[in-house]
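Annotation comment: TrEMBL describes 84-89 as disulfide bond. Per TrEMBL, the feature FAD binding site maps to 93, 157, 186, 187, 188, 356, 362, 363, 364, 365. Per TrEMBL, the feature NAD(+) binding site maps to 223, 224, 225, 226, 227, 228, 229, 230, 246, 315. Taken from TrEMBL, the feature domain 'Pyridine nucleotide-disulphide oxidoreductase dimerisation' covers 390-499. According to TrEMBL, the active site, proton acceptor annotation covers 488.
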């Protein structure tokens with residue numbers, strides 16, 4: 001039985017794959033450099049100095065301290081968690097949940113026998129809930145620093161030598177933090193577009209989109225990646241007319257093609273409009289509304305599009321400004337990413353880099369894994385991150401989650417493969433809760449049945465995907481998943497049925 005292949009595999013794979021297919025996936029993960037509660041002075045040498053307190057940086061700092069290494073983390077923002085926690089992953093998920101609750105109350109509750117005379121949005125209260133969640137989590141990380149004895153310096157760090165970081169502290173002072181090893185974990189920043197100036201009022205980045213004072217009547221989103229579609233969903237649910245302008249022919253280009261088409265249809269049913277193969281060539285903010293001049297990506301007649309708010313969501317770029325990398329000779333690629341080896345070491349001895357500033361998917365959870373592995377290597381242990389097995393999730397409704405290769409990627413490699421699919425319309429739990437839009441798709445090698453990729457569109461796809469992540473990590477077959485007993489009724493049964501459809505036949509369709 002195929003299950004034995006998993007049972008025989010005792011150790012986690014140790015190779016770090018830098019050629020993963022997920023590079024360029026768009027996600028939130030931004031951390032910068034920070035005065036302190038017990039910070040290192042010029043006469044104190046740390047084992048590790050981490051520049052950046054985002055998901056990669058703070059996790060690396062805590063792990064280093066847990067391994068007995070004297071550690072200091074430098075963070076510019078003044079609060080830990082980086083872009084992800086402060087103005088990215090966490091606040092966006094808070095608003096996605098709150099706006100979904102409003103949408104459900106308005107459109108779905110009556111069919112479940114729950115009726116209200118009226119439902120209205122209290123935007124200040126919604127924003128307050130979001131801010132409370134962020135505040136509690138940032139304070140929680142400070143508590144973890146204190147618990148693990150990580151020194152915390154608030155200020156902007158600049159590397160002046162392979163063992164010295166000069167920090168302009170947020171109180172206006174300066175201190176030099178010494179370290180035997182320096183880890184750069186400064187994350188990424190919003191990618192700007194020529195001719196478009198972000199003012200965070202009418203032309204906003206994701207940061208501004210998380211803090212609008214009122215619901216715009218018309219919202220234009222430039223960029224159909226993860227962030228743009230999530231923020232478009234938030235404001236669309238609250239009443240905005242949302243139009244997404246995308247230069248490419250498809251939304252979320254890293255997504256499996258079949259899943260992408262179903263996903264776009266789902267968003268269109270939610271009244272989100274798409275203008276694909278379209279570029280923005282001009283912006284006029286002189287009037288009461290913002291006027292965008294558009295033209296086909298391949299050239300052609302120009303058109304105008306008006307909006308109350310424009311969200312620029314065209315991707316992210318590594319943040320390395322002001323770090324002094326050129327002064328110490330750290331090598332970078334043409335995209336501005338720091339080049340590292342399999343141990344996350346740069347070409348300069350004692351300098352390491354992790355997260356969004358190096359090649360690989362720009363995702364907070366990938367940065368965390370980088371941080372742990374990097375510190376383990378420094379401590380003389382063996383670290384591991386496989387970028388081919390990093391999951392990606394779009395937190396709309398339904399969610400879309402993927403891990404491994406798309407069908408298009410497998411086909412391009414010339415590998416013979418099989419595909420198994422199972423719709424949530426045939427899943428009893430999904431039907432019972434009246435939320436059955438979506439599908440599970442598995443791509444497996446034909447000869448060995450080894451799973452190569454799993455793609456899920458479902459209300460809770462971001463949770464369901466981790467069974468597939470574990471399966472890929474241990475080179476499991478579709479039969480391995482199919483022969484594992486799944487509780488009934490659960491959404492997870494759809495993954496089991498898709499696995500059955502891959503190597504044999506499903507039962508419930």
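The backbone N, Cα and C atoms fix where each Cβ goes, and this holds for glycine too.
Nothing from the recorded positions 84, 89, 229, 246, 488 places its Cα within 10 Å of the Cα belonging to residue 362 (FAD binding site). In the shown protein chains, 16 other C-beta atoms lie within 10 A of the C-beta of residue 93 (FAD binding site).
Taking Cβ-Cβ distances under 8 Å and a sequence separation of 6 or more, the neighbours of residue 246 (NAD(+) binding site) in its chain are 223, 224, 274, 275, 276, 277, 278. Across the structure, residue 89 (disulfide bond) and residue 229 (NAD(+) binding site) are spaced 13 Å apart at their Cα atoms. Taken together, the residues of the domain 'Pyridine nucleotide-disulphide oxidoreductase dimerisation' (390-499) have an average pLDDT of 98. Note: the residue listed as 'active site, proton acceptor' has non-local neighbours 428, i.e. same-chain residues 6+ apart with C-beta under 8 A of its own C-beta. Within 10 Å of the Cβ of residue 227 (NAD(+) binding site) there are 26 other Cβ atoms, across all protein chains. When Cα-Cα distances from residue 186 (FAD binding site) are compared across the recorded positions 84, 225, 227, 229, the shortest belongs to 84.
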